[in-house]
Every structure is written in C-alpha cells, then in structure tokens.
Amino acid sequence: SGGLTKRGNKRHGTACLSPLPGVSAGNGCGHTLLTPHSGTLSSKNYPGTYPNHTMCCWRLQAPPGTSLLLAFGDVDLEPSEHCAHSSLLLADPQTGTAYGPYCRNSVPSAPLLVTNSSTVTVLFNSTSHRSGRGLLLSYATSQHPGTHYTQEHVSPDPPLTLCFSVYCPAGCKDIHGDIWGNPSQGYRDTSVLCKAAVHAGVIADELGGQVTLSREKGITLYESAFANGLHSKRGSLSEKRLVFHKVCCLLSPACDDVLEVVAFNASSWWHEVDALGQDRAWVAERAALSTAGHSWAAEPSTEAAWLELDLGTRRNVTGIITKGSSEQHDYYVTSYHVSSSRDGKNWRPYRGSSGQEDKEFEGNADSHGEVSNAFIPPIVTRYIR
C-alpha cells in the first residue's frame, strides 16, 4: 500500500495488497484471463448484480518497455458520494498515480485509458447495495494500439468488402454477449466481434491476437454451429455480416481444404452382430467424415481408444471436424486429445497455444451435428492420432 495521486477526481487512498503479476485475489472476482500482452476481467456475477461486501484485486503486468492500455467495457456500480460504497480504482505503483474511484455517478471520462506504465493494479470494492452489473475491463499493451476489446459493433464502419484489422485480447470467449453464424457463412454484424473470432478459429482465446476481417453484404439466415468450445445462435436477416480471413484478405486454400487421408488405423474396431445375426464392421476406414452409413467405433470394452490418420506426407494441419455415428446407434465422442508424429512411432501430445498441458478438445453433444476445432498453432505432421 502507499499514497496515490489522483487523476480526474480528487482521491488519495491506498492500493490493494497486489497479488503476483497476472493473478487475481479476492471473493469478488468474476471471469478473469490475464496474460502479459492482453486480458479480460470482470466482477463476480457480471452482467448480473455484483455481490455485497466483496472485493477483487487484479495486478496487470506488461512486458518491460511497453505500457498498458485499458478499455472500460462496462462500469455499472451503484452510485454514492465519492463512490464510497462501490468503486473501481486503478493504480500505477510505478508512478504513484491513481485513476478513479469510478461508480455510476463518476464514470471514466473516456472508454480507453492509456497509461505510461507496464504495471497497473485494479481494485474493485463493494459494500451493501441494491443494483449494478459490476464491471468488465479488457487490456492490451502499447504494441497493440488497435485493440477492439469488447465492443459489440465495428466502429467506425469500414466500407463493404474492405479488409480491416483489429487486435482481440485474451479472454473474449466467456464474456457476455451472443454470436450468430458460423465460419463458412460469416457472422451477423451484431455479434460480439472478438467472441466470434474465437468461434471462427482465427485466434486462441487463451492468447488473443490480431484479426483480419471484412464487412460483407448480409444474408437471409445464419446457421448455428458449435466450434472451438462456443455455441453460436441461428439468426435472421441482417444488412451486413462479418467474415474473418486467415491470410490477409484472401482465404488460403491450403488452410481451408480437407486434407486427404492415405490410411486409417485404430486401437480396435467393433465387430457388431445384430439381432438377426448380420455382421457390421465398424472399421477405422469408416472414420472419414464423408462416409455414408455407420462410422468407426472402438471395441466396446476398449480403454483409451484411439484413431490414427496417415496423411501420406507432412502437411500443415489447421483444424479438425468431428461427427457422431449418424446411425441407429446414438454414438459420438464428447471430448478427446490429439497427438502427432512425423514417423508413426514417436508421438507428441498437442498442447495448444498455452503449451502447459495437453489440450482437451470439446467434441460432440449428439450423433448428427458437426463440431469443428482449430489448431492454434497449426500442426506440421504426417500422422495424427
């Protein structure tokens, strides 16, 4: 703690006892994802009413030589004199400067706060109150000045079909707001942009990143899809839509075409004999997504079943689409891990952009719908398991 110089309103106070960089502390913390380059944080229950008598302290730490940019997505704290009952206070421990306190009768003067510091402490406090959504903040560093943060609309509106680029912070996946559409059709322009970018597989939620997209003419109906851990909604006609691009303004066929599988292999396969004594072989070759009829299935008693795909040569693998059996048997895989090998003998588990733990992908919730997951970063390999 220490004395703080207030900017904007008169305020002298103390900062919270800061946790370690990139860590939150307190019983009032909501959705939080903090990385050195960007992040998203909110109060508990946001956008519902925040709890009474609670606090949360977040310490944001950017790389040396950079400064932090903070965007106030929403600050709705019950008003009181000098924001004494519920407040948001930001402190720069390097210069002793404070910003706030903020509440409903003392809101930030601008939606974006540009600091001159690589370290900022964010303190949220509440006492007894009746209303208020709480707060939603995002941040990035001075390396990414074009950050989009959590706005739901593209502003100012760029011309139709013209590509533009924004930087989406980490943690957009779990913020409040809806998306309509899917990667192939595009998204209704009222969708939460950065959340749609995660759904489209152009960024990983745990890292955020630069996104290139264009505004195209809207379509009559947007179909829903489950992709990269997010459900999109089915939506009606819109004047404009958002289309995400993986490489500048031109979608690279190498990134979107289905890769040819030379051979399938599996830990086991199910030899079914039905009530009439007829055989049905659920062999590995039936795992191809385009196969009509029954799919591959492991022997029912198999533990740690796996399916292996040989691509014939090393390829750049950017994602995977899975589907259930689509047969009288209601079979589907709810989650899975992915490993890769260049020689078919030595296998490396896929850990995604975080690189800390083997990534568990969310699979299907029924036997007929398709679910896609992106590999960020892509896998360069011949064998996938």
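Positions of Cβ are set from backbone N, Cα and C atoms, glycine also.
TrEMBL entries are annotated by machine, without manual review.
Residues 226, 229, 320, 322-327, 329-338, 349-350 of the same chain lie 6+ residues outside the compositional bias 'Basic and acidic residues' (356-369) yet bring a C-beta within less than 8 angstroms of a C-beta in it. Marked as compositional bias 'Basic and acidic residues' by TrEMBL: 356-369.
The disulfide bond annotation in TrEMBL covers Cys29-Cys56. Taking the Cβ of Cys56 (disulfide bond) as centre and 10 Å as the limit, one finds 25 other Cβ atoms among all the protein chains shown.
Per-residue confidence over the domain 'CUB' (29-142) averages out at a pLDDT of 92. Under the heading domain 'CUB', TrEMBL lists 29-142.
Under the heading domain 'LCCL', TrEMBL lists 137-242. Residues of the domain 'LCCL' (137-242) grouped by DSSP class, helix first, strand second and coil last, total 8 helix, 37 strand, 61 coil.
Residues or ranges marked as domain 'F5/8 type C' in TrEMBL: 249-385.
Positions annotated as region 'Disordered' by TrEMBL: 340-369.
Taken through DSSP, the compositional bias 'Basic and acidic residues' (356-369) splits into 0 helix, 2 strand, 12 coil.
DSSP states for the domain 'F5/8 type C' (249-385), grouped as helix (H, G, I), strand (E, B) and coil, give 8 helix, 51 strand, 78 coil.
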